[in-house]
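Participant: Quick one: the structure is below, and I'll ask about it shortly.
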Amino acid sequence: MKILISNDDGYLAPGIVALAEALVSFAEITVVAPDSNRSGTSNALTLDRPLSVQRAANGFYFVNGTPSDCVHIALTAIMTERPDLIVSGVNQGQNMGDDTLYSGTVAAATEGYLFGIPAIAFSQVHKGWQHLDTAATVAAELVRRGFPELPSPYLLNVNIPNLPRTEIKGIRRARLGKRHSSEPVIPMRDPHGRDIYWIGPPGAVLDGGEGTDFDVTSRNYVSVTPLQVDLTNTRQLDMLAMNIQ
Ligand SMILES: Nc1nc2c(ncn2[C@@H]2O[C@H](COP(=O)(O)O)[C@@H](O)[C@H]2O)c(=O)[nH]1
């Protein structure tokens, strides 16, 4: 089994190292990841400058680009054979609900999916890498299990509670929850007196109802959500006047 591994926290992040170590025991892995943290970059591609690929001492490739750049370069320039699966993560922090739209972790998996390859994004619920061994173990369990019940390619978003493996109650399918809009930006002044702004925290949970990723992870289950990329709002499509003058 050939697996391409990427992430958005960068090739040096503990999450991708733990994931690679968990998968290498049963799969042929290739790691291609950003040279630094690209959290929140979504599906961005780098179109305004060329990209370079370097190789670290541990064999990981790293790119001065986004997660989507990494997977794109891996599939069309680095790998001589098409992988059977794309795995992204383990992300430091959750990717639930609307996070998935901004997430570089999900974007790396999505790029592989758009090339017709099954893909899974893995995130830990809380930042700080606590119990990262659990996340890597669960990720390996899910990769080994596979998803024969789904048509291929599939795109899955997985969130794993930061708990000892023995406290994880199980794995549950879940729909994406929803957040309120993000908190306001944080205004500051730079040393030259110019206004600068930090992006504010994510919005609070708006829909964390039963069966959402927020819900199942809060009950110490791993959440698994199949994603799609067709953004057509089919309900409104039917509402649109047939011929717009
Ligand atoms: N508005 C903010 N959103 C945040 C912040 N930190 C995280 N996030 C959301 O979570 C994901 C993290 O996903 P990643 O895979 O890109 O690391 C990010 O995309 C946002 O949706 C924050 O401080 N503010």
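Residue positions begin at 1 at the first shown residue.
Cβ atoms here come from the backbone N, Cα and C positions, even for glycine.
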Participant: Can you match one of Asn64, Asn91, Asn95 to the divalent metal cation site that TrEMBL gives for Asp8, Asp9, Ser39?
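Facilitator: For the divalent metal cation site that includes Asp8, Asp9, Ser39, TrEMBL also lists Asn91.
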Participant: Looking only at Cβ atoms, how many others are within 10 Å of the one on Ser39 (divalent metal cation binding site)?
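Facilitator: Looking across every protein chain shown, the total is 18.
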Participant: Mind giving me a neighbour count for Asn91 (divalent metal cation binding site)? Other Cβ atoms within 10 Å of its Cβ, every protein chain shown.
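Facilitator: Cβ-Cβ neighbours of Asn91 (divalent metal cation binding site) within 10 Å number 31.
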Participant: Check each residue in the chain of Asp9 (divalent metal cation binding site) that is at least six apart in sequence and keep those whose C-beta is under 8 Å from its C-beta; list them in sequence order.
Facilitator: Gly15, Ile16, Asn37, Arg38, Ser39, Asn91, Gln92, Thr105
Participant: Can you give me the residues near the recorded divalent metal cation site, meaning same chain, not Asp8, Asp9, Ser39, Asn91 themselves, Cβ no more than 8 Å from the center of the site's Cβ atoms?
Facilitator: Asn7, Gly10, Ala13, Gly15, Asn37, Arg38, Pro67, Gly89, Gln92, Gly93, Ser103, Gly104, Thr105
Participant: Within 10 Å of the Cβ of Asp8 (divalent metal cation binding site), how many other Cβ atoms can be counted across all chains shown?
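Facilitator: For Asp8 (divalent metal cation binding site), the count of other Cβ atoms within 10 Å is 33.
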